[in-house]
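Comments concern the structure below.
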Amino acid sequence: MEQRASLDSEESESPPQENSCLDPPDRDPNCKPPPVKPHIFTTRSRTRLFGKGDSEEASPLDCPYEEGGLASCPIITVSSVLTIQRPGDGPASVRPSSQDSVSAGEKPPRLYDRRSIFDAVAQSNCQELESLLPFLQRSKKRLTDSEFKDPETGKTCLLKAMLNLHNGQNDTIALLLDVARKTDSLKQFVNASYTDSYYKGQTALHIAIERRNMTLVTLLVENGADVQAAANGDFFKKTKGRPGFYFGELPLSLAACTNQLAIVKFLLQNSWQPADISARDSVGNTVLHALVEVADNTVDNTKFVTSMYNEILILGAKLHPTLKLEEITNRKGLTPLALAASSGKIGVLAYILQREIHEPECRHLSRKFTEWAYGPVHSSLYDLSCIDTCEKNSVLEVIAYSSSETPNRHDMLLVEPLNRLLQDKWDRFVKRIFYFNFFVYCLYMIIFTAAAYYRPVEGLPPYKLKNTVGDYFRVTGEILSVSGGVYFFFRGIQYFLQRRPSLKSLFVDSYSEILFFVQSLFMLVSVVLYFSQRKEYVASMVFSLAMGWTNMLYYTRGFQQMGIYAVMIEKMILRDLCRFMFVYLVFLFGFSTAVVTLIEDGKNNSLPMESTPHKCRGSACKPGNSYNSLYSTCLELFKFTIGMGDLEFTENYDFKAVFIILLLAYVILTYILLLNMLIALMGETVNKIAQESKNIWKLQRAITILDTEKSFLKCMRKAFRSGKLLQVGFTPDGKDDYRWCFRVDEVNWTTWNTNVGIINEDPGNCEGVKRTLSFSLRSGRVSGRNWKNFALVPLLRDASTRDRHATQQEEVQLKHYTGSLKPEDAEVFKDSMVPGEK
């Protein structure tokens with residue numbers, strides 16, 4: 001019998017090459033030969049690229065080019081010629097096999113290996129696979145056996161066929177599914193996935209969805225494909241600096257993130273295995289979280305993401321009326337709304353905050369309710385759930401305390417209702433508390449300055465208290481100063497424990513807190529030195545005093561013009577000045593070491609050599625005008641930086657030309673080059689900040705507002721909470737739908753004629769509306785020349801609202817709710833829908 005073996009490559013399109021060798025005639029043709037040892041020139045197995053410590057290449061999903069690999073399992077075929085040795089005969093006689101084993105005209109059975117199957121499915125050649133089922137049944141094998149899978153990636157012939165579609169189809173897919181069904185391995189075969197670390201978990205259903213093929217998706221689901229299979233390989237994870245596509249791992253999320261609404265509806269509504277709309281991936285993200293993750297703030301992307309988000313939300317409400325899909329959090333404790341805020345997806349954030357659904361059965365999904373409209377002016381109620389600071393991981397906290405690298409951080413605070421909510425908090429209580437704190441801090445610094453100025457100077461500390469009025473005032477001032485230092489110290493500790501800023505964002509986002517904390521440290525060190533009878537306490541005290549007056553700039557954020565100026569100073573110190581100082585110190589140290597090497601004390605070129613009584617170098621030589629030390633030379637070179645240097649500050653050197661060249665080079669690099677670069681960089685920083693100065697100032701004020709709220713007790717936070725508890729309709733189970741809402745009056749001259757509606761009679765005839773409108777009128781926002789710049793208009797409009805072409809009725813009369821509400825202070829807001837109509 002002839003034994004054939006071929007080098008296997010899963011991607012090759014050429015027929016296998018065979019090498020024959022003699023085999024004993026009595027050997028079973030179906031027996032499995034021993035494994036072939038790998039060739040010494042075969043390539044190593046590929047593993048993932050981006051794992052820790054990995055350096056190998058990442059393999060593609062499918063490639064038509066051949067790559068060296070291990071030898072495949074040998075192919076066993078029936079030879080057409082047999083060599084038989086009989087007793088008594090002479091030399092071995094050769095005769096045709098048809099005389100003993102195979103009848104004339106009968107074809108030998110077709111045998112398959114991984115390579116032959118892969119080649120057939122890649123070419124969509126069903127004829128090559130006609131004998132596959134008899135072969136598997138005869139050999140008692142299945143397509144899910146390891147010998148029919150890629151040893152490196154775990155790819156099966158079904159996955160190979162899904163990756164090689166011709167005009168959107170591959171005829172071998174149905175054939176392979178039928179073969180797997182008849183070999184009792186259909187479910188395992190359909191759900192077989194990649195096993196390598198890069199594409200781990202990807203199944204045929206994922207590929208069919210990615211190929212946007214509804215027919216194949218239906219075929220796979222009908223045959224038992226797992227609609228909850230998770231593709232969690234490295235390629236499907238979101239890691240900074242790594243190429244890949246994160247879509248939420250699940251097939252439903254993949255269909256949603258690739259904008260395939262038909263497949264989304266099929267996965268949720270099919271009768272074979274409906275997908276779980278609330279399923280979460282390995283990081284706890286649902287399909288809504290995944291949609292937020294794939295948003296990139298471009299117009300087209302935002303439009304498709306918000307549209308898909310809206311469709312899934314409505315579909316989920318119809319399939320599972322009591323499920324609160326938007327309230328599901330991931331492992332970081334973030335809802336889709338909070339995730340949009342933390343990642344800077346301003347378009348998605350604006351859509352969610354301003355979503356208004358008019359369908360009666362889905363109106364409970366709205367976060368915005370239009371209360372009344374009159375011309376271009378309309379009053380809206382915004383749901384404050386997940387927005388206000390009363391809840392954990394609220395949108396306001398996420399935006400205000402996010403990293404400075406978060407995109408659109410400043411602009412997100414201008415989206416309604418965030419902009420008006422912060423303004424309401426500032427006007428109602430934060431402004432008064434902030435100004436009071438400013439007054440107290442000024443008083444504290446005055447007392448601290450007086451206590452430091454009138455400190456005793458005779459003797460060693462601690463000083464005895466004299467029975468004089470001045471000493472009593474001094475000691476009282478010292479006690480108050482130390483108490484303030486202790487307060488700022490523990491406040492800084494509390495801040496760092498709560499926020500836990502990273503080292504990268506520590507100096508950028510926590511600039512003011514660090515300065516107050518350092519001020520308190522200097523004060524506490526001064527106290528320790530004072531009671532240790534060390535007069536050095538004065539040095540630490542004056543540093544604390546200087547930083548205390550500098551930190552008064554923190555309170556300029558309560559005033560727009562001064563707040564912007566303080567922001568510019570902070571940015572220039574952190575960005576421009578730090579970089580300048582690093583380069584300048586390198587130049588200063590380098591040229592100082594060069595100059596001090598040339599200087600020799602006692603060496604004077606203008607005097608004879610006999611007049612130099614001695615030569616010395618280093619710290620041991622201390623004449624009156626010695627420059628033979630690094631410290632004194634650095635001071636002299638620093639004078640050159642500010643234009644006060646003298647090229648002949650010493651003559652104790654040899655090689656005068658070299659000395660002058662060093663000084664001139666230093667002056668050119670520092671005084672002419674570096675200082676002018678610093679001025680240019682500062683000018684650029686000022687221009688950048690000036691363009692968005694108001695937004696930056698609003699962010700600083702927002703942080704101040706939230707810090708003030710956090711300083712309250714829980715009972716006080718509820719008392720100062722913005723908005724009111726209102727009834728906005730009914731829940732899906734027929735109960736009253738109470739929301740904590742905040743009223744915002746808006747003006748829109750663009751679409752006002754398509755949104756004319758009067759929800760309440762006598763628009764504006766309520767206390768809250770009067771208060772809001774009167775505030776706007778007092779601010780001059782609606783009067784005369786400022787009407788077009790009415791500040792009630794949100795910066796970002798809901799994409800679904802812009803695309804809605806259906807006009808509404810000009811006047812909508814809604815029924816009044818006459819029943820009693822459980823919350824006594826709740827205002828009633830209902831639409832025309834009654835519970836029986838739902």
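Each Cβ is built from the backbone N, Cα and C atoms, and glycine gets one as well.
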Topological domain name match (Swiss-Prot): Ser505 vs Met568, membrane: yes
Feature phosphothreonine, as given in Swiss-Prot - residue among Thr597, Thr641, Thr704, Thr708: Thr704
Cα-Cα distance maximum in Å, computed over every pair in Tyr511, Ser512, Thr550, Arg557 that the record assigns to resiniferatoxin: 14
For Thr550 (resiniferatoxin binding site), the number of other Cβ atoms found within 10 Å of its own Cβ: 12
Distance [Cα-Cα, Å, rounded] between Thr704 (phosphothreonine) and Thr144 (phosphothreonine): 62
Fewest other C-beta atoms within 10 angstroms, as judged across Ser116, Ser502, which are the modified residues: Ser502
List of residues, in chain order, with Cβ under 8 A from that of Tyr511 (resiniferatoxin binding site) and at least 6 apart: Glu570, Leu574
CB-centroid shell, 8 A cutoff, resiniferatoxin site Tyr511, Ser512, Thr550, Arg557, site residues removed: Leu515, Asn551, Leu553, Tyr554, Ala566, Glu570
In the chain carrying Thr144 (phosphothreonine), residues 6 or more apart in sequence that have Cβ under 8 angstroms from it: Thr156, Ala180, Ser185, Gln188, Phe189, Ala192
